[in-house]
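Structure record follows, encoded as structure tokens.
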Amino acid sequence: MTNIRKSHPLVKIINSSFIDLPTPSNISSWWNFGSLLGICLMLQILTGLFLAMHYTSDTTTAFYSVTHICRDVNYGWTLRYLHANGASMFFICLYLHVGRGLYYGSYTYTETWNIGIILLFTVMATAFMGYVLPWGQMSFWGATVITNLLSAIPYIGTNLVEWIWGGFSVDKATLTRFFALHFLLPFIIAAMVMVHLLFLHETGSNNPTGIPSNMDMIPFHPYYTIKDILGLLLMITVLLTLVLFFPDLLGDPDNYMPANPLNTPPHIKPEWYFLFAYAILRSIPNKLGGVLALVLSILILIIIPLLHTSKQRSMTFRPLSQCLFWLLTADLLTLTWIGGQPVENPYIIIGQLASILYFTTIIVLMPLTGLMENYLLKW
């Protein structure tokens, strides 16, 4: 009798994806983040589902329904903070996952990489819409400022913004549609994750050396299932520490004030995971230029496979490229810090310099360094 694991039409798909999957024997903990992202997505869908059972997407009651969840629903506060801080964990894992792909040259699997970029955009859109739902001050003004950026698009901009708003300002129609889309998009993300994995399993995983590992593979289970569980335990520890001890550490105190269209907060800023892009947006004095820079700051990832000039795939044996990679990391952290600061000197000039450095490093310095390393290898 054949093993049901290998013969059953549904079970054999799971088997070939998570159990008998041939995996390089030398992948490090940097390869844990894919599975952590899957768990984050499941956590967000589950906590979000239970929150949606008690939430009302009406401007008059949205803020108070969130208060009701935290005060009156059994463990409602836990659900709310798991969902809010779960989003932060999601983005930490996302950025580390993308960073791993950049460092080890995983972007040479172009289909997997491009689906990943589309996923990143979709997750960012979902998180932005989720931030609007509690209908606090920062929710309202964040929604107003960010959606208003689309008015910079020539000719159709104003019509587009009013179409998204469902009126002449951010109001009830906007909140209702954002709730509907915020509920729907995670399921679309889950479907796209399947496509992401489908393309990944066509080629197999990359590994830290960047050298094909066909001759040295091990089954995913038990080796990497155990390794992933360790990563999961560490992530859950960090998440629960945030939720139970510092639930508002990453939030904005302004969001504990109900939305008031007549009172603008002194510093409008998005959640921490968008601050780097927000800093790039603010560093350009022109509105359309800022919006283009904002979109390109992430869309630039698409051309990274074209900018790969080195004869080696991974940065493991390329010290000069490693220096640039960590410079880019430090630059992104600087941008994140600047995004949370008021628009005044010296923050303006620091933000402008950091934005220039960000694009220069990716488009100019990294390809040139790759060529130089090729030359040094021959020398």
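Just so it is clear, glycine is given a Cβ too, placed from its N, Cα and C backbone atoms.
Listed features, source Swiss-Prot:
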TRANSMEM  33-53  transmembrane segment
TRANSMEM  77-98  transmembrane segment
BINDING   His83, His182  heme b b562 binding site
BINDING   His97, His196  heme b b566 binding site
TRANSMEM  113-133  transmembrane segment
TRANSMEM  178-198  transmembrane segment
BINDING   His201  ubiquinone binding site
TRANSMEM  226-246  transmembrane segment
TRANSMEM  288-308  transmembrane segment
TRANSMEM  320-340  transmembrane segment
TRANSMEM  347-367  transmembrane segment
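Between the CA atoms of His196 (heme b b566 binding site) and His182 (heme b b562 binding site) there is a gap of 21 Å, rounded to the nearest whole number. Separating the Cα atoms of the residue listed as 'ubiquinone binding site' and His182 (heme b b562 binding site) is a whole-number distance of 29 Å. Each of the binding-site residues His83, His97, His196, His201 was scored by the other Cβ atoms within 10 Å of its Cβ; the lowest score goes to His201. Between the C-alpha atoms of His97 (heme b b566 binding site) and His182 (heme b b562 binding site), the distance comes to 23 Å.
Packing against the transmembrane segment (226-246) from elsewhere in the chain are residues 29, 32-33, 35-36, 39-40, 78, 81-82, 85-86, 88-89, 93: each is 6 or more residues past its ends and has a CB under 8 Å from a CB in it.
In terms of C-beta pairs under 8 Å, the stretch of 33-53, 113-133, 178-198, 288-308, 320-340 lying closest in packing to the transmembrane segment (77-98) is 33-53. Contact counts against the transmembrane segment (33-53), taken as Cβ pairs under 8 Å, peak for 178-198 among the stretches 113-133, 178-198, 288-308, 320-340. Between the transmembrane segment (113-133) and the transmembrane segment (288-308), the number of CB pairs under 8 angstroms, six or more residues apart, is three or more, so the stretches are in contact.
For the transmembrane segment (288-308), same-chain residues at least 6 beyond its ends with a Cβ under 8 Å from one of its own Cβ atoms are 98, 102, 105, 107-108, 110, 113-114, 117, 120-121, 124, 149-150, 152-154, 276-278, 280-282, 355, 358-359, 362-363, 366-367, 370. Same-chain residues lying 6 or more positions outside the transmembrane segment (347-367) and placing a CB less than 8 Å from one of its CB atoms are 279-280, 282-284, 293, 296-297, 300, 304, 307-309, 321, 324, 327-328, 331-332, 334-335, 338-339, 341.
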